[in-house]
């Protein structure tokens, strides 16, 4: 949307007020007896009050009416959104999905919430320890003033008790939040943090991926010996500026709450997006993946993919993530005496991969934009036979890798279960995936001798 403005920085102390109401932020305090313009003060806490200062997250809203004013929540159908990790038997195989189907608008109107489908996950939302991986496939915008009745479809304003990292693959999405608006396009990501209310407008057939983390906040990874600069730079993260609507509708607004893995709905007669001003360090944000400063090997061998980490949600074990968001961006490949594609691998982490556009270097056929793959904990994976043969004999000269491509990975220390929708209902599971390794042949030569210098 033309004209949208943003504030720059990751985890910064920021403040914003809608220019229609200058001076809406109180001076010198958070909760005055009477707020400017007759607003209500409301705090949104993203961490415990007593967290150490570097980890303490909260923002203050100055809004026309507080969010506590609503009718009671009642349960609504959750569709294909689930946290039941025991629907089907475990499957340790390498899994790959063809591009997930987007419903045609001429056949059925499906909005962002109705179009959420859980593919896999692990852990427990009640203990706030775990993750879920979802696809969204939709064709119509959320309508925040639809009435809730017996024929209710899950449309409206959404919020949840976890963190959503959204990766658009097809179609831009306009996200309206209590903090303001963000336009997020393919090759960008956004994070909506726990408890933040938002709605999603789309502009045609739309598809993307979501990483949901139940407890830990996303952080920038530590840089270690890389130094002070590199990977995703904090100033490239963008937060919305304050925008409000003072609107009431007779039919009411529907607010959808994802709570302990289930969906609930309530009604209110005023817009949830009535925040005139805000300040704090707990905000939604977006990031353009083209701004990632790539680190890569410049001598020999293939570096581990952790050098491509954009964001991490840390566990309590040092160096072990609940989830990492990793990308495989365009870059130079210059390593000498090296098999340059990713190596064959068995990992103590689970690897869920998606493709935004282009062709992934290790599997140029079969792995398609809008599809996905899952290589579970200790499940072998690596380049297909064609990739191995080609790159074992290729002339090693400087070359561009992944040009015109953006693949990504949600990597987790959890052993993830695949849902019934992911294995069966979606009907997109590529059961021939294992065949890409079938042509691998032995090159073993017991009489091999090192070549003379």
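The backbone N, Cα and C atoms fix where each Cβ goes, and this holds for glycine too.
Since this is a predicted model, take the numbers as computed values, not measurements.
Taken straight from TrEMBL:
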type	residues	note
ACT_SITE	302	active site, proton acceptor
BINDING	345, 351, 381	Fe cation binding site
BINDING	360, 381	homogentisate binding site
DOMAIN	5-289	domain 'Homogentisate 1,2-dioxygenase N-terminal'
DOMAIN	290-444	domain 'Homogentisate 1,2-dioxygenase C-terminal'
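Geometry remark: the residue listed as 'active site, proton acceptor' versus residue 345 (Fe cation binding site), CA distance 12 Å. Taking the Cα atom of each, residue 351 (Fe cation binding site) and residue 360 (homogentisate binding site) are about 15 angstrom apart. Cα of residue 345 (Fe cation binding site) to Cα of residue 360 (homogentisate binding site): a distance of 17 Å.
Cα of residue 381 (Fe cation binding site) to Cα of residue 360 (homogentisate binding site): a span of 14 Å. Apart from 345, 351, 381, the Fe cation site neighbourhood in this chain, defined by C-beta within 8 angstroms of the site C-beta centre, holds 342, 346, 347, 375, 379, 380, 382.
For residue 360 (homogentisate binding site), applying a Cβ distance below 8 Å and a minimum sequence separation of six or more within one chain yields 328, 353, 367, 402, 405, 407.
When the binding-site residues 345, 381 are compared by the number of other CB atoms within 10 angstroms of each CB, 345 has the fewest. Neighbours of the residue listed as 'active site, proton acceptor', defined as other CB atoms within 10 A of its CB across all chains, total 15.
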